[in-house]
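First the structure, in the form of structure tokens, and then the observations on it.
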Amino acid sequence: MKVLGIECTAHTFGVGIFDSEKGVLANEKVTYKGYGIHPREAAELHLKEFDKVLLKALEKANISLKDIDLIAVSSGPGLLPTLKLGNYIAVYLGKKLNKPVIGVNHIVAHNEFARYLAKAKDPLFVYVSGANTQFLAIVNNSWFLVGETLDMGVGNLIDKVARDLGLEFPGGPKIEELAKKGKNLIELPYTIKGLNLQLGGIYTYIKRIKDQYSKEDIAYSLQEWVFALILEIAERAMHMLDKKELILTGGVACNNRLNDMAEQMAKENNFKFYRLPCQYLTDNGAMIAYLGYYWYSQGIYYEPKPRPYWRIWI
């Protein structure tokens with residue numbers, strides 16, 4: 001089965017093609033540039049570029065639209081304008097080709113695709129992106145939300161600090177590079193509530209003291225404290241749920257320092273940690289295509305329509 005996947009939840013419009021026998025055949029995308037996300041401007045970019053991205057993916061896979069058996073689209077959670085456009089495109093293609101169309105959950109796609117790539121059995125998923133920071137697991141065949149941020153996502157925190165330091169967008173890679181030159185670990189406040197966390201206090205504190213320290217030390221301290229906080233919760237959750245495998249997903253999971261710290265934590269606890277390629281951690285169409293295939297083969301179906309606040313876990 002060949003599945004075409006459309007990612008359209010936020011700044012990225014992606015088209016991926018997944019073959020049930022050969023794996024990922026193509027994974028093409030275009031990303032909205034600029035600080036923050038302006039939903040309508042992002043949707044305009046998607047509208048302008050979708051046909052080019054689609055054709056590029058088909059060329060990479062060396063197939064035509066007629067070879068597609070199923071269309072999957074990210075139906076949420078995400079920004080309503082981009083979700084509307086992406087789901088409209090998917091439904092239009094389905095009608096034109098007379099092929100079934102399935103809506104899939106963006107966050108579940110990140111995690112199920114990561115599990116597929118890692119060949120993991122029963123991991124704890126740490127999903128770290130711009131808007132989200134969540135600790136997820138599969139318990140009794142259902143998605144279980146172990147813990148999450150109670151205010152802002154770690155990616156948003158990093159981007160906000162980067163902007164306040166005068167760094168260009170995207171902020172994550174810039175902070176990561178600056179952090180390598182930092183030497184002074186600044187003590188930052190943080191809040192853990194059970195297996196939940198709050199990051200707003202760190203941002204407020206950095207805004208107050210940013211002129212007292214070098215950009216390098218602020219970047220270094222931000223990464224060390226925030227990543228340690230995330231992995232502390234992950235470690236506790238893994239012991240609580242008796243999980244032996246750890247996977248980082250989402251765009252922030254591209255950060256090498258976070259991966260190094262996760263690897264060290266896993267080693268100390270005799271856990272298995274899976275380090276995945278960055279191209280499949282950021283938003284992409286391949287993960288949507290894969291989850292579409294996986295759900296469809298399991299008899300799971302959701303209508304392709306925008307669901308900006310879609311949560312399907314317990």
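Each residue, glycine too, has its Cβ placed from N, Cα and C.
Site annotation (Swiss-Prot, ligand substrate) includes TYR127, VAL128, SER129, GLY130, ALA131, GLY172, GLU176, ASN255; from ASP151, ASP159, ASP211, the additional listed residue is ASP159.
DSSP gives GLY172 (substrate binding site) a helix state. Between the CA atoms of HIS110 (Fe cation binding site) and GLY172 (substrate binding site) there is a gap of 19 Å, rounded to the nearest whole number.
DSSP gives HIS106 (Fe cation binding site) a helix state. Note: the Fe cation site is recorded as HIS106, HIS110, TYR127, ASP283; in the same chain, THR9, ILE107, ALA109, ASN111, SER129, ASN132, THR249, GLY250, MET287 also have Cβ atoms within 8 Å of that site's Cβ centroid. Take the CB of ALA131 (substrate binding site) and look out to 10 A: across all protein chains shown you find 18 other CB atoms. In this structure, the C-alpha atom of ALA131 (substrate binding site) lies 12 angstrom from that of HIS106 (Fe cation binding site).
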